[in-house]
């Protein structure tokens, strides 16, 4: 079995695959932890889900938080006796990356694109990842990674208001029933949710026109906040494990 780990700005998200089937999922705060803390956590979460650590034959990591990388890699070697595969610049992806500097593309965005083109071949695809940042990736039917857009995510937008103003509070991120808030909290929740929704609609329209000349596209959504937009007609498919699937596929491309 293969343990796939996505190190994001807010959480470490992981899963265990048996072949192409995911057997378990877990989350952990990605605030910097020692290698021992990470190793103990990983072994514990596996055992709690009736997955013996000894069944893990391969570990693959995708990270956008460099300060966690060394500790996590050390944990894999010390606690699993496995040198993990790291999805990074220079590895095989199966994509033609059109960024001016391909090294700049986040590993999580590459993982999403790998999984998207594998699951939905020969299609023009927009992937929206609703995480700490909300990211858009445009991938052509020929597996060209064309680029995309990045904007603050819902949590980041709400936190910016509470941290940079004197009287605006921190709020829970929810889909409000009314766009017209009747309290400060409701107004922030509405502004954050419908502001991101509106931005997404505009970006989809513009990317569709600019990247794909209005040709048929498929829109995929993933990330921790994606389900909040499930009834808004933004996307064709919600794929919660897209990044983990991409990490697994990248590892299979690059390791024996």
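Placed from the backbone N, Cα and C atoms, the Cβ positions cover glycine too.
Values in this document were obtained by computation on a predicted structure and should not be read as measured data.
The following features are taken from Swiss-Prot:
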BINDING   6, 7, 8, 9, 10, 11, 12, 13, 132  ATP binding site
BINDING   99, 106, 107, 108, 109, 184  substrate binding site
ACT_SITE  108  active site, proton acceptor
BINDING   129  K(+) binding site
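Long-range neighbours of residue 108 (substrate binding site) (same chain, six or more residues apart, CB within less than 8 Å of its CB): 6, 8, 62, 64, 129, 131, 135, 243. Non-local contacts of residue 132 (ATP binding site) by the CB criterion (under 8 A, 6+ apart in sequence, same chain) comprise 8, 9, 10, 153, 155, 156. Ranked by how many other Cβ atoms sit within 10 Å of their Cβ, the binding-site residues 8, 106 place 106 at the bottom.
Counting every protein chain shown, the number of other Cβ atoms lying within 10 Å of the Cβ of residue 184 (substrate binding site) is 12.
Residue 184 (substrate binding site) sits 32 Å from residue 12 (ATP binding site), taking the CA atoms of both as reference points.
For residue 109 (substrate binding site), the same-chain residues lying six or more positions away in sequence with a CB closer than 8 A to its CB are 127, 129, 135, 137, 148. If you compare every pair of Cα atoms in 99, 106, 107, 108, 109, 184, the residues listed for substrate, the longest distance is 41 angstrom. Close to residue 107 (substrate binding site) in the fold, though at least 6 residues off in sequence, lie 62, 63, 64, 87, 88, each with a CB less than 8 Å from its CB. Separation of the C-alpha atoms of residue 106 (substrate binding site) and residue 12 (ATP binding site): 15 Å, rounded to the nearest whole number. Note on residue 12 (ATP binding site): other Cβ atoms within 10 Å of its Cβ, all shown chains, come to 23.
Comparing residue 99 (substrate binding site) with residue 12 (ATP binding site), their Cα atoms are 26 Å apart once rounded.
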